[in-house]
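Data first, discussion second: the structure below is written as structure tokens.
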Amino acid sequence: MTRLQKGSIGTLLTGALLGIVLVAVVFGGEAALSTEEFCTSCHSMTYPQAELKQSTHYGALGVNPGCKDCHIPQGIENFHLAVATHAIDGARELYLELVNDYSTLEKFNERRLEMAHDARMNLKKWDSITCRTCHKKPAPPGESAQAEHKKMETEGATCIDCHQNLVHEEVPMTDLNASIAQGKLVLKPEDDGDDEEADEDEDEETEEADDSSDSESASSSDNSDNEDDNNDE
């Protein structure tokens, strides 16, 4: 074996060793960054953690999900999404943790809607893959719910388009399709149901007022007739 051949083999072995080390560092680092202990090492994340443990998603059927189960895509096929999430979103949130004051829940709530929307947009981008990890082919009861689920096939909707505010403190729902189209946070319009109920209540009050007015008029007329009869007598 010539010196050149020995050098080539040495280079290949060195490259392979470095590759193994790099893969171990990347996968090990990703696993470490996905732990709940790491997520909640930032003070601001202690608030969502407490909300998670009080939600219906925690403890049901003996399942205790952590931050990563909803916010980080799992599985080797989604590893690139997990790395990108930590690299981009993680860096941004670390910066915001340093420049913002999250010392109280009230201060945290000032950015809650923005943070919730960012998380929703991630789920939208991933086709709610972390939801589907647990909720496999959901078949909701009732025609109305089944019709809504059809939107996932016909309108490009995904779980997070409708199922918001399930775990953390409630904030206004956001229209994710409109947000993507306009490149900014867009709130969902409020339901017309409340307005219709208010209109119905107003109509009922008007009818009651009219009935009351008619009754008073009839009573006044009767009293007037009685007075006339008395005068005639």
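Positions of Cβ are set from backbone N, Cα and C atoms, glycine also.
The heme 2 site recorded in Swiss-Prot comprises C67, C70, H71 together with one of H149, H168, namely H168. Among the candidates E30, E77, E93, E106, the one that Swiss-Prot lists alongside C39, C42, M45 as binding heme 1 is E93. When other Cβ atoms within 10 Å of the Cβ of M45 (heme 1 binding site) are tallied across all protein chains shown, the result is 19. For C131 (heme 3 binding site), the spatially nearest entry among the binding-site residues H71, E93, H168 is H71, judged by CA separation.
In sequence order, L123, S128, C131, R132, H135, M152 constitute the residues six or more apart from C159 (heme 4 binding site) in its chain with CB-CB distances below 8 Å. Max Cα-Cα distance over the annotated heme 1 binders (C39, C42, M45, E93) is 11 Å. Sitting within 8 Å of the Cβ centre of C67, C70, H71, H168, and not among those site residues for heme 2, are the Cβ atoms of P48, L52, K68, D69, A119, V167.
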